[in-house]
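Student: The following feature annotations were taken from TrEMBL:
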- A:12-33: transmembrane segment (TRANSMEM)
- A:53-72: transmembrane segment (TRANSMEM)
- A:310-333: transmembrane segment (TRANSMEM)
- A:313-430: domain 'ABC3 transporter permease C-terminal' (DOMAIN)
- A:353-385: transmembrane segment (TRANSMEM)
- A:405-427: transmembrane segment (TRANSMEM)
Amino acid sequence: MMDLWYDLPVAAQDLLAVIGLLLPALITGVVVLRGHTPWPLVKAIIWRFRVPSVMFIVLIAVSVGLGVGLLAQERGLRKGTAQAADKFDLIVSAPGSELSVMLAAVFLQPSDMGLIDGETYNEIAATESVAIAAPLAFGDSYAGAPVIGSTAEFVAYLTDQNVEGAIFADHEEAVVGALVPLEIGAQFTPAHGMTHIDGGAEEHGVSFSVTGRMAPTGTPWDRAIIVPVEAVWEVHGLANGHAPEAGDVIGGPFDAEYFPGTPAVVVHAEALWANYALRSTFTRDRETMAFFPGAVLAGLYNVMGDVRQAMSVMALVTQVLVAVSVMLGLFILSRLFRRQVALLRALGAPSRFVFAMMWSFSAVLLLSGAITGMLIGVGAAMVLSQIVTAQTNILVTAPLGWQEIQFVAGFVSVTLLISLLPAAVVLRQPVVEGLRA
Amino acid sequence: MGLDLTIRDLKVTSPRGRDILSVPQLDIAAGSLVGIAGPSGAGKSTLLYALAGMLEAKGCIVWNDTDLLTLREEQRTAFRASHIGMIFQDFLLFEELSAAANASLTSLYRPRAQRAGIRQRAAERLAALGLKEPDRSVASYSGGERQRVAIARALSANAPVLLADEPTASLDRAAADKLITDLVALARTSGTTLIAVSHDQHLIDRMDRVLTVSDGKIVEPRGQAA
């Protein structure tokens, strides 16, 4: 049986899970409503008590919306961060914190890091299975956009060659990320440090000309400016990685003697399997460390997963409290129209009809609240995603997923089953008392 | 079409065990118009609700050959649905529904085969009671018109018994008099047994028989002997 389940496509599993979650509610609905059409009365009662009904719907909607929004946002963040690290198969750096190096290299968050020397870099670049070994140089910025030194080869790899205009070919040329407010042909002078963080920085006095614009990548690199790594070293008064007699060349190979050092090397291997061998090769005590940013993120997700599990227990407790509140709310609402219920009983309406009417009333409120909540959740997740994207430059999208639909389906089923109780209790109220209420 | 009512040793007690109604013997012939008068709190409405099987009681309340007090609650409800129409002091209508929908309310839960007939009768009763716009929401109706809708509702299921609890109490004199005339005429033409609790002497005067209830007992039967 389990084999059959695992053989199904994921979408089919998700769909079946939703149906399974909704099944108790559907069966209840069919059994309760069979042979009865209480809708005109349900409509009339909702309209009569529209203010408390709307308040009840809003409470349900907010509760469901919070759940949906958080689930969608958490998934969007995972997806966005994983996507941002997509192009960074392997990073080699000086020993230290993998997380710090990843944050600096992938997410362009400033960090103090050790440097890899020229010999080590050349060893990495010369390794047989390495297709690209791009040194990175950080520390400068222009108008809040980090200016990163690297190679033309890296820009081509990062963008899959999707560059409007041309990739830099000279020391004083630059390629800008898709969201950098500089036109092709514009001139700019970078400054040391991050101007928006340091609150003002010293300009280097070297101007760069924008030759190209990278296609959007959905990563923090969309707000970065990439210049030849040689230029970054030069503006800091260092050797530019090449012997003086080599002239104004840019890009590898570099001369180890004139190589000032790089905090991180982004490595792309010719084949996926080779990455594991490279990681092993360049993981050396006190010299270098090599790691997969994806694995660091996975570790981070695991930690988040533990937190998430703890939060899930809290969320479950919250949902139980919401369910209890729903029941109490329905009890209170049902008290509002006990005269109408008593009237129906006095006129001879069968208890099953009155029960169906009461349950349908609850069902309409709960379903309206759940659907509205789903919309609120998706809307909230979209707004949050935009804020997170604007603040981190990581493209976070949080569309409605199966997980949220399953969450809502479960909520609807549980609460519709719970609402059987107030409907049953209403039937036990004495008719005459109800008429005199 | 009518139902004879026979009551023997009826006792209704409060939850605390106090006797609130005691009727050793009462017989009402099918098709009679009976008024129940008496001071407030005397037990008039209690008697009415007991006749409808809506109160737990001891003794016998027999409509033809059906003793309500031997039936389970669901059976009593079913009996009311097919045999008893009810009218209340404050109409108890669904304000958001039209007059036609209110008058044919019972069609929502009666067997499918009877629904069209109920709607048809409700329309006829509304017309007979002078309500010209049955599709209008009852929220826009006057008190007199609302009570007419309630009467049409009570008669739409073709019930042989009509129990009315202070049907004119919420109406002004002119509206009450017109309603009394129509109610009595409808009951007489359809052969319906009408039992009405009322403080309204105009209504009481139009009844065939009047029972006065005081302190939970029928103390002054007038007209036909109790």
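Cβ coordinates are placed from backbone N, Cα and C, and glycine is handled just like the others.
Keep in mind that TrEMBL annotations are predicted by a computer and have not been checked by a curator.
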Student: Per-residue pLDDT averaged over the domain 'ABC3 transporter permease C-terminal' (A:313-430) comes to what?
Tutor: 88
Student: Below 8 angstroms Cβ to Cβ, which residues of this chain, lying six or more residues outside the transmembrane segment (A:310-333), approach it?
Tutor: 49, 52-53, 56, 59-60, 63, 67, 361-362, 365-366, 411, 414-415, 418-419, 421-422, 425
Student: Take the transmembrane segment (A:353-385) and find every residue of the same chain, 6 or more past its ends, with a Cβ under 8 Å from one of its Cβ atoms.
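Tutor: Sequence-remote neighbours of the transmembrane segment (A:353-385) are 28-29, 32-33, 36, 38-39, 41-42, 45-46, 53, 56-69, 71-73, 76, 326, 330, 333-334, 341, 344-345, 396-400, 404-405, 408, 411-412, 415-416, 419-420, 422-424, 426-427.
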Student: Within the domain 'ABC3 transporter permease C-terminal' (A:313-430), how many residues are helix, strand or coil going by DSSP?
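Tutor: Residue counts for the domain 'ABC3 transporter permease C-terminal' (A:313-430) by secondary structure: 100 helix, 0 strand, 18 coil.
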